[in-house]
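Worksheet: the structure to be examined is printed underneath.
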Amino acid sequence: MMSQFVANWNQTMVTEFLFSVFPPLYEGGLLFFILLLFVYTFIISGNLVIFVAVQLDMALHTPMYFFISVLSFLEIWYTTTTIPKMLSSLVSEKKTISLAGCLMQMYFFHSLGITEGCVLTAMSIDRYIAICYPLRYPTIMTSRLCIQLTAGSCFCGFLLVLPEIAWIATLPFCGSNKIHQIFCDFTPVLSLACTDTSLVVIVDAIHAVEILASFLVIALSYIRIIVVILGMPSAEGRHKAFSTCAAHLAVFLLSFGSVAVMYLRFSATYSVFWDTVIAVTFVILAPFLNPIIYSLRNKEMKDAIGRLFHQKRDGRAQK
């Protein structure tokens, strides 16, 4: 009886996890910290500028730019769930996170990620209706529908992950507390549990359904869009339609590609190096490139951002 009590007590002793992939400060940690700080600052400022420009510029008050602003807003919080902790781990000797903090990071990271996937799906539906049914577009894609689609995306994102996090919170952790990843994720954390985690197959299946459903809707939408664009008689019309959809496709391929490689592998395993590279792609690289894709490749967005900064300069000059 006493030995069983001690065993149970030892199982509950792991109250924090250690990120083992971050190098010490004097072995490259400072360089990675500077690079990551630059990337994070750019992500926050770039997405904030896009969000403010869409809100203030009447020319961008359309469904397409509404969804872009929502995506930019989500990206700010999506990266904030992970990158600040990465920055502190790069410069701190104590590269740990509490069990509660780990669960919170997992919940908000995956909730915001699923919400973004749903918003990207809504954007593809918006482009499908705009190009395939242009005359009916204003009556279908109303402001009310855009808000409903956004609310539904948030509802799905923040509800679907909750059962998984609640289940992980009940698991005992013992032995090693080293997480071989740059943030708290399902597989690295579950591998440290001192109990049967075969239910992870259900978790993988849920993620697979979420990713494949969004991928299918987006893929079918853009296949139909491309067919319609290729049938346009005007070369100028084809170019404008393609340029409108190119940014969405680029974001979709970059984000969903890396996410699919990470979460649609089931029993397949990668080395710690490749796990880290894939995670960096969708945690850091994709959010870094999104403001560039949406602003530099979009004339209307560039004009709106130019007007925004021009108004600020005029306001300072008048003072």
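Cβ coordinates are placed from backbone N, Cα and C, and glycine is handled just like the others.
Keep in mind that TrEMBL annotations are predicted by a computer and have not been checked by a curator.
Per TrEMBL, the features are:
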TRANSMEM  30-53  transmembrane segment
DOMAIN    46-294  domain 'G-protein coupled receptors family 1 profile'
TRANSMEM  65-87  transmembrane segment
TRANSMEM  107-125  transmembrane segment
TRANSMEM  145-169  transmembrane segment
TRANSMEM  211-233  transmembrane segment
TRANSMEM  245-266  transmembrane segment
TRANSMEM  272-293  transmembrane segment
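Against the transmembrane segment (65-87), stretch 30-53 has more CB pairs under 8 A than any other of 30-53, 145-169, 211-233, 245-266, 272-293. In this chain, the transmembrane segment (30-53) touches the transmembrane segment (272-293); three or more CB pairs sit within less than 8 A of each other, excluding pairs fewer than 6 residues apart. Confidence in the domain 'G-protein coupled receptors family 1 profile' (46-294), given as mean pLDDT, stands at 87. Sequence-distant contacts of the transmembrane segment (211-233) (same chain, six or more residues past either end, CB-CB distance under 8 Å): 117-118, 120-121, 124-125, 127-128, 131-132, 241-242, 245, 249, 252, 256, 259-260, 263-264.
Only sequence-distant pairs (6 or more apart) were considered; of these, fewer than three Cβ pairs between the transmembrane segment (107-125) and the transmembrane segment (30-53) are under 8 A, so the stretches are not in contact.
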